[in-house]
Each structure stands twice: as structure tokens, then as C-alpha cells.
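> One structure, pasted below without further comment.
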């Protein structure tokens, strides 16, 4: 028979009493009143902050956006199919933030920075707020270094600098994404981290972009943040801020970054959907009153940091889609007024076979030649003016039957210059190649060729120059100026190659 030892039992009880710690936990909770269309109305949550993350009983997370006197409007970051009326909600005390680290390079993520490429988790020891304040006036310095896109028309006439915000605007299917991805490809070896944010795109389009970047080895320095068309509106709205937070992580570590938002029209539509469902009053085109702030607080985060902060930079290329070339619609005018210039892509030019379909006349860069190396300024100075005059003359020439010789020559030169700006997709050019191409056209060396021969001649000239005059590239990359020596080498190469080319064509 087992004997009961009172002293042993009392010592166990005493030990348990000594170990007991009384912990009072105050949890800010609420009850779901109504749920549907990605929105939940919650009663309670008295001390919740605007933008705070809240967690539902079944695990879905949401953001408290509307704080009203008798309920809280929460937007859901998931489908919320298991949330029921009367289920409990608790405030987390946290504002939306994401983990950040170098491990994100080469990966495809969603708006919550979770990998969606099936290559496992990413370890990160640091985190950043998705919405963080933009650098102030003292923290910045003016833009002065070029960010080469590899596209002649842009680098010569609408130059982009590190820390600039340049809008890419145009109708659907005019090559906006192609301009952005070519810019990413051209950053290879330039020590620039790229972030591509796809908002509301088809999953097949995003897969196409990722494949193109992988094939050319560009994913090594690129992060893709994707929320496709079937994602909840909340996540489409958050995706650009997630991309900006990742780019900022590198910017504040003295690195140069490039971020592409493809596209902000879809983000504005997702935000409009959320706002209307939250019963916020609609404004112009049914967008809410703060849609300008939606984009301005995002784009102001792009900056060129001061010397004290390490001179890192974040260059933003937002994309906006227009309907039949209407630049005066609400979202396009908003983003044009926030950015430092725009690249306008025209459907008419695209259909006429001029690709990239950049309308040079109404595209501008408000940073201008400050974002060009001296060699490019020397060569491309007159190019934009000549092309603008050519466009005017061409329109006039349609009505005039007999033109004088000077006008005919100017038209012929203009046609060749336009041909010179055509470029294949995924074939960005180095600065030295661009300088050689522009110099050849602007100085009349192409005038003796047929318009149809220009592109073939220029491709062969660039190869010939690389092979036979490697000093040209060395001079441009080391001195950043178009020296008399470089000019002599280039002229020599052009003369030699024109003879060779004409012999080949006649043969």
C-alpha cells in the first residue's frame, strides 16, 4: 500500500506557489459586425491606431483604415472567407512592416515580402516600416549622376539622373514595361540594385518579365514584388510601398537603387475600390480625395542622399497608363505634377514601327543635362532641336509640293536621325556606343545611305568600333568627355566602315 507523505506534497505545493507569476495581459479586442468585399466593420478596438495591423480569430490579418465613432473599418490582407459575424478581432500594436536583407536579391515576393517563387524562406534580421517618411530637404542633394537606361532616345534627350523620378506614360501596349525592363538590363555591372513592382498585372506578364531578367543574368541584382490582378485590393495598394521599403534599405546603406512601379493606375484603382467600400466620399472620377497623397508620399521617397548620409540614391520610374492618349485625366496629371519629367510613349509611333515609341516633342526631363556625362552633352546638344524642327517640317511638307534643296536635305537628315533612335527590345547600348551612333547621324555621315540601310550600318559600325578601335571606349569611360583624340578615332572608323559597307551592299 502506498503511503501518503504529507511533507512531500506540501513541498511540491509550496514550490508551485513560489513559481507562480501573476501576469495581467490587456488585449485590445473587438467584434466583427459585418464582413464582405475585402472589408470588415468591427465594433470595439477602442485604442487602435490608424494603419495598425489587426488579427482575426481565424488568422487573417487586416489594416485599420477607417476609425469612426462607433466602428472601425478594416481592409483585409487575404480572402477572409472564414471570418464570421461576431468573431473576435485583436489589435497587434504594430504598424505594417516587412523584413529586409540582402537575401531578397534575385527573389520574387508578394506585398508582405513573403517569397512566391517556391525557393524557400528568406532569413532577415532587420525590418522596415512599409510606410516610412521621405528624406527631408537637408538629407538630400541635387541630382548630378546619370542613370543610363541604354536607350538612345532617353539618354540623349530625356536624361535620367540617380535620385530622379521620371514618369513613363502611354496607352496600353505601347512598350512602357519594355523601356523599364531594358533599363534594368542596362544596370548590369553598374552596382545598382533594381526593384520591379508589378501591380495588378497578369501573372503571365510578370512571369515573362522574370524570365527575361533571368535569361540575361539581371535577377542577380533585382528584386521583383508582384501582386497580380487576382490579388486582394489591399495587397495591390500596399505593393509599391513594400518595394519602396526594400529599395530604401539599400539606399540608406550607401547603395544606388532603381525602382519601377508597373503601374500606378492599377494601384489607384485598387485604392479607389477600398475607399468606396469603406464609404469614403468620392471625388473626381470617383477617386477619393487623398489619391494625390497616395502617390506623392510614395514618390517623394525617391531621393539622392547627402554626403553625410552616404550619397545613396533611389531612382523611381513610375508607369501610368492613359486611355487613348488622354494625358489630362486625373491620375496622369497628378503623377506628372509629382515627378521630375515624363517619357511619353505614343501608340501612333508604335504602330508606325518607331520603337521605342517615344514622343520626343512632349517628353521632358526636369533634371536635364545635369544628369549627363560631358561627352553626351557635347554630342547630343542639338539632337532634340533638330528632331523637333524635322517633325514640324514633315507636317508642313505634306501640303507643299515643291520644296527647296535645303528643306529636302533637312527632311532627309531628320528621317535618318529618327531611324538612328530605333532600337530592338532587350538590346541596351553603352554610353560609348550611343555617342558614336549620335555623332554619326548628327554630322551627316548617314546622308549618303538609304533610310532602310541606316540601322544595319549602325549595328555593324558599333561592332567595327569595338573590334578595331577599342581605345575609343577607354577614352569615353575614363575621361567622360568627347576628346579630340576620341573624335579623330571615331571619324576614322566611320570613314573606313562606310567604304566597307557600301562595297558589301554593291556586291
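Note that Cβ sites are derived from N, Cα and C of the backbone, with glycine treated the same way.
If you look up Swiss-Prot, you'll see 170, 171, 172, 173, 174, 175, 176, 177 marked as ATP binding site. Under the heading site 'Required for activity', Swiss-Prot lists 363.
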> For the binding-site residues 172, 176, which Cβ has the most other Cβ atoms within 10 Å, all shown protein chains included?
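Answer returned by the neighbour count: 176.
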> Write down the Cα-Cα distance for residue 363 (site 'Required for activity') and residue 173 (ATP binding site), rounded and given in Å.
18
> What Cα-Cα separation, expressed in whole Å, is found between residue 176 (ATP binding site) and residue 363 (site 'Required for activity')?
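Cα-Cα distance, residue 176 (ATP binding site) to residue 363 (site 'Required for activity'): 14 Å.
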> Rounded to the nearest Å, what's the C-alpha distance separating residue 177 (ATP binding site) and residue 363 (site 'Required for activity')? Just drop the number here, would you?
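One finds 17 Å between the Cα atoms of these residues.
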> Do me a favour and check the Cα-Cα span between residue 363 (site 'Required for activity') and residue 174 (ATP binding site); whole Å is fine.
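For residue 363 (site 'Required for activity') versus residue 174 (ATP binding site), the Cα atoms are 15 Å apart.
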> Can you tell which of 170, 175 has the least company, meaning the fewest other C-beta atoms within 10 angstroms of its C-beta, among these binding-site residues?
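Taking 170, 175 as the binding-site residues, the minimal 10 Å Cβ count falls on 175.
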> If you run the three-state DSSP split on residue 175 (ATP binding site), which class comes out?
coil
> Going by a 10 angstroms cut-off between Cβ atoms, which of the binding-site residues 174, 177 has the sparsest surroundings?
177
> If you skip the near sequence neighbours and keep only those at least six away, which residues in the chain come within under 8 angstroms of residue 171 (ATP binding site), Cβ to Cβ?
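Residues satisfying the criterion: 321, 322, 323, 324, 325, 345, 347.
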> Could you check the recorded positions 173, 363 and say which one's CB has the fewest neighbouring CB atoms inside 10 Å?
173
> Same chain, not part of 170, 171, 172, 173, 174, 175, 176, 177: whose C-beta falls within 8 angstroms of the C-beta centre of the ATP site? Give them in sequence order.
321, 345, 347, 350, 357
> In three-state terms from DSSP, label residue 363 (site 'Required for activity') for me.
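Coil, per DSSP.
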